[in-house]
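The structure appears below as structure tokens.
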Amino acid sequence: MSSSLLRSLSHCFQRQHFNFVSQYGPRGSRFLSVKAPEVHPVTTILPKPRLDYRTISESIVYRSHNAFNRKAPLPIGALQSVVRHYDEQKRLSSELGLKRHARSKLGENMRKIKDPAEKQAILEEAKLLKAEVTDLEQKLVTVEDILLGLALQIPNDTHPDVPLGPEEAAVVLSTHGSDPIAASGKRDHMDIGRALGILDFEAGATVTGSSWYYLLGEAALLEMALINYALSIALKHGFRFVTTPDVVRADIALRCGFQPRDQNADPPVSQMYHIASSNPSHPELVLSGTAEIPLGGMFSNQIFTEQVLPLKVVGLGRSFRAEAGARGADTRGLYRVHQFSKLELFVVCSEDASDQAMEELRSVQTEIFEGLKFPFRVLDMPTEELGASAYRKYDMEAWMPGRGSWGEISSTSNCTDYQARRLHIRYRRSSSTPKHTPPSSSSSSTLSAPAIPFAHTLNGTAAAIPRLIVALIENGAKFDEEGKPVGLDLPSTLKPFWHGTSSIIRWT
């Protein structure tokens, strides 16, 4: 990292601004790197992230291997730089403490001395100490800001059971539903939707642009039914319903692990839609990419009692993805679009409960999708598919015969305390709870456990509406003798949430 970059980072953090750069791996997984924030500073009202430099410094070999396995582009020597700057931080803090103590002692002596000459000598000594303290304070701020900038590049730890490698190394944990029907181009959801008059991509392109769409009639009713059906199951499992703001501070998105800008791209691109403001003093706002972001922000800068954990919420919001229009088969039709409705599960729990919470999320999602009666499978995603915040990630994929492949409909991530350290989500242990010591964590010291530790956060998709519509249309389409689409078979689990009647829907 160049000296000019370090100076920029130092200046950036002194103003409580920080910028990230994201690089996209397969399937859009995000990996963090830090770049000089010469443009688009992000204002924040939260304290700086609190990372565990001690644990990082004591396990740089593991962290180097972990970053390599996840294809996280750490600059050469970044981890060694963390160690050096952490040592420098400790040295400066110790020296500063001694100087402050000496100033305090001089003040005490000053009050006892009557002789003017002696008092003047002490005053001169105090002036020198004050200048030294000021200098040390400035150096410490600079080192701490550089240290934070370096450590923010390091991805979360990885669960020991996560498979190594690219997407193809994913392990199928379970399969559900009937046997997949044969792949067929006639089951393409775009063609079926147009033939039934329930999807309009052309009007969407005219009004807004590529990868925008209209849901009409039965497709629009299907969206409402899916939301309320998935919500009913989440509520049954103790989740509290929340409707979230779709506009969030860019700082909150960053702290959750979502990178609004990719300055490494040529030309630079944006992964989020940014809201322009004529007032430069206003915080930078973005359209949320998922309800996970405002849900995480809802708990930020708070300390909870252990007795109230886990906190389980299910949030409904619109998701906006600026990168949806990239070229490729995944952009066809509803599969990858710029805006969609999404019901998101979010959990805040104690640090020893997140593995169990992840399995509970998986169980809720499985119940939702089993009720929709299409074939789907659950995958344990490999290291190269993990975003920076994920300790472990499960994907659920539905069979989509019109696309001729399995397509992701959901994901579940255990972020341990990666987000909580950035958002300052903590909890106060009950006196009877033993202190938790994680095996090898970038975020919790293995030598001592704080009385007010950081919580763990998890998120999982309850219903990403367009993907579910794709799966339902392509698996449930009915055809006449000439092969023309004439209707849809939909699971009867949705019928209680349906409004009105339809001549093209048959409940099965």
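Keep in mind that glycine also has a Cβ here, set from the backbone N, Cα and C atoms.
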Coiled coil according to TrEMBL, located in which of 35-62, 63-90, 119-146, 371-398:
119-146
For GLU323 (ATP binding site), identify the closest of the binding-site residues THR290, GLU344, ASN459, judging by Cα separation.
THR290
Under a criterion of Cβ-Cβ distance under 8 Å and sequence separation of at least 6, what residues of the same chain contact PHE340 (ATP binding site)?
ARG318, SER319, ALA464, ILE465, PRO466
In this structure, which of the binding-site residues GLU323, GLU344 has the fewest other Cβ atoms within 10 Å of its Cβ?
GLU323
I'd like to know the mean pLDDT over the domain 'Aminoacyl-transfer RNA synthetases class-II family profile' (236-496).
90
Rounded to a whole number of Å, the separation of the Cα atoms of SER411 (ATP binding site) and GLU344 (L-serine binding site) comes to 10
Measure from the CA atom of ILE409 (ATP binding site) to the CA atom of THR290 (L-serine binding site) and give the result in Å, rounded to a whole number.
14
Length of the line joining the Cα atoms of ILE409 (ATP binding site) and GLU344 (L-serine binding site), in Å
12
